[in-house]
Amino acid sequence: MIHISFPSPTSSMQSATHPETRLTAASTANNPGHPSGWIRSPDHFSLPIRGASEIDYFDPYIDPEYPLVPLRGYTDQKDRSSVKSLDDSAEPMLGDGAPATGVRPGAPRRYNFGILLTALVVSLVAAGAASALLGWLLSRRVYSADNSAFHQALIATESRPKILDMVLGGNPSVGSSGAETTMYGLALSSLLVHLVPFTIPLMLSVFAYLVANMWLRAQTRGHLVALPTPTQYGHLVGLCGAFGFLSLYDTAKYLSSGRKERPAASKSLVAAFVAALVALLINYAPSLSDLWLHTTATTFSYEFPTPPALDLLPVSGSRINTTLCPGPSPFLLNQAEYSNCQHSQTSESGPDMSWGNEGLINEGAAVLGNTSVSSEIQIIGNAATLLPKRLSTGVQDLVFNTFFLLCPRFTPPFAVKTEATSEIYGDAMPMLNQFNVTNNALIFQSGTPDRPAPLVGPYNHSTTAGYALDSMLNPAGVLVVLYWDGAQFSFPQDSTGWYGVGLAPVQYVFHISSCVLDVWDVMMSYSSPMNGTSPTFTPLYKTPSDFNTTSALLGALDSAYSGTLASRLTTTMQASSSANSDTFKSLLAGNLSQGILAFAAPLTERIASVSGQAINSTTLSRYPLAPLCLLLALTYGYAILALAIGIAAFNLSSREIITEGRDVPRRLRELDLLHLRLTNPRVCVADRFDEGETGPMATGKEILKDTPRARRLGAGFAQSGRGEDDPSSSQTTLRSMRKFTVDIVENLEDGRK
C-alpha cells in the first residue's frame, strides 16, 4: 500500500518557485490511520488513486488524519494578522486562540418538505390550468349526432343562447342571430402554455436533487469516472440552474464531440442532459399544440330547440268567440229556424234582414284583402286555414288549434231556371246560397234582403228559410251564382255551368255551380327556422266541426251577407274568365273557401299554442380533438412527471452535517448543500472566492451576502498547480504554472489593493 505525502506548509514558497514538485509514496505503516489507496491534495477531498479499485467506499468525514478544514487556507505568503477582524467573537475561525469550529457527520435524514412543496406547486399549476380548460369546455359542451360539425371535435357554447324575441312576445324586428362569441377556450389554452414554461425551472430544481444524489453516491462508493470534471460541473450548473436553449446546446456539443479526447461523461451530467431535453420538449410542445389548436378552432352558427315555459308559448291558435257568437240566431223572430249568430231581423213585421255591424264587416273584408293586422287566410294543401297575421319565427313543432274549410271541386248545379222573361233580367244578380246536401233544399230563398231570387233552385221545392238546431250543417252545400254584363264579358264556350241570357249579343252571362264544403277543427304543427327557410305547416289530425262552430264559420252564406262575398267573387274571377273550365273551377274553389273563412274571422279569438319548442340560436366554438387532446395530454403528463420527480427527491436520504462551536449546533443535509451549488450559478462563483468567512456550511443567502470586509476581484495571472500521475512509477508530480484568471486581487501577480 502507498500513501502520497505533500510538502509542509513551510515549503510553499519553494513550491511556487519550482515548476515541478514530485510527490513520493510512503508506507501505510507510517500512516496507520489513513485509508489505503487514497490521495489528498490541499483544499480538496480525498479521492482514490489509480490501482485502488478494491476500495469501494469512501467517507471524507471519518478520516482521522485529515479532518475537514476550510477549503481556502492561509499560506506563508500572507500573514493572518494582515486580516483585521471587526469582531473576533463573531469569527471564531479567524480569531487567534479561538476554538475552531468543528464539523462532524450526523445520521441520515429523509423528507425535505420544501422539495415536495415545490413539486406540488408545479404539478398543481400545470394540472390546474389543464383542468380549467377541460372543465370550461365540458361544462359548455353541446351534442348533436346529426350535425357533421360535431364529429371529431369538442363543441362548446361560449356565448349566451338567444331565443327569438318574437317567441317571447317581444319585437320581432330585434335581431338575435348570436353571430358573435368569445372563444374563452383559446384564452385558457394560451394561459396554459404560458404557465408551463414558468414552472420548468422549478421542476429542474427538484430534479437537481436526484442529480446531486447520484453525485454523492458515486463519490461515496469511490467511482471516480462517475464524478464530473470541472467542465462537466459547469455544464451541470448551466442545465440545472440556468436552463435554456444555449446551455442545452453547449452540453450537447460537449457530449457529441471529441469523445476520445475528453474524460467520460459522468452519469449525473447525462441524467441532467436528458432531463433538460425533456424540459425543452415540455417547454415548446404545448406551445406548438396550442398553435395547432388556434389555427384549427372555428366558430359556426347553430340552432337547437328547447321547450319554453308554457306561458311563453306564442298565441297562434283560433277558436269561436263565444261572447260574439254564443250560438245560432233565429232567422225570423219567434220562429224555429236559425241562421248565423250575427243574423237579425230588422223588424218583426218586415222581411228585411241584417248581419253584424260595421266593425265585423270591415274586419272580414280586411282579412280577405290581406290588410288585417290580426288574421290572415292561407291555403295549405287545398284547404283554407285561419292563422294569426304575424306568425312566430324561430320555433319548431309549434302545435295549435285552428279551422280548415275545404271545397274540393265544383259541379254543375242540380237545377237552373233560365226562362227568358223580363223578370229574370230584372232579378239577375250574383248570389251565394246554402243548401242541404241530403235533399238539395236551399236554406235561404233570397240573395239579398231586397232582391229575392226565387228562380234559382230546385224545381217544385220550397222550404222555410233557415235551418233547425238538429239539422246537419257539415258538410254544407254552397250554390254559387256569378253574374256579369255581357257587354263586358266574353261568353266562354268550352264547358257547362256557363249560361248566356238574351239574344245575341248576349246581355247577361251567368256561371252557376255548386260544391260540398267541409268544415274541420284541425290541430296544426308549425315550424319556422331562423335561417331564412320557408315555414312549414303540417296538419296533425282533424275532426269535423260541431253544429255551433259550423254555424259560426258559415256566416258569409247568411242571406243578409252572402251578396257581399258573391260580388267580390264576381270581380275577382272576371280576370280568370279566359282560363279553361278546370282551372276556373279550381280558382273559384280556393277563393270561395278563403272568402267564407275570412268573413268568419271576426267571430273568432286567439288562443295559446298547445306545445312547441323555441329554436335557440347561438354561435358555437369548435375545438378539434387532435390538438386539444395533445395539449391536455402534454400538460397532464408534465404534471404527473413533476409530481413523480418530487416524490422521488422527497424520499432521498442524505446524511446531516453538524457544525459545532455555536450556541446551537447547525444541521444541514449534505444533499441540500450540493443541490445549492448545482442550481445557483451565483453561489458557485461566490463559493469559489469564499475565504472562510461564511463558515464551513454556508447557505445561498449567506454566501451571496457581501460584508464590508469582502475582497475585490481582478483579472490577471496567478500561480496555479496541478497534480499529474506518472504511469511509470507510483509518483504524482505537482506542476506549477501561470494562468490568466479572475481571482482575489491580492492573489494576482500584478494585484493591487
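The count begins at 1 with the first shown residue.
Even glycines carry a Cβ here, placed using N, Cα and C.
Where the annotation comes from TrEMBL, it is an automatic prediction and has not been curated.
TrEMBL lists region 'Disordered' for one of the ranges 73-101, 653-681, namely 73-101.
Among the residue ranges 695-714, 715-734, the one that TrEMBL annotates as region 'Disordered' is 715-734.
By number of Cβ pairs under 8 Å, the transmembrane segment (113-138) is matched best by 625-652 from the list 191-212, 232-252, 264-285, 625-652.
Within the chain, the transmembrane segment (625-652) has long-range Cβ neighbours (under 8 A, six or more residues past its boundaries) at 110-113, 115-116, 118-120, 122-124, 126-127, 129-130, 133-134, 137, 152-154, 189, 192-193, 196, 199, 203, 206-207, 209-210, 213, 278, 282, 285-286, 289-290, 292-293, 296, 671. Here the transmembrane segment (264-285) has Cβ contacts under 8 Å with residues 196-197, 200, 203-204, 207-208, 210-212, 214-215, 218, 225-229, 232, 235-236, 239-240, 243, 245, 247-248, 251-252, 255, 634, 638, 641 of the same chain, all six or more residues outside its ends.
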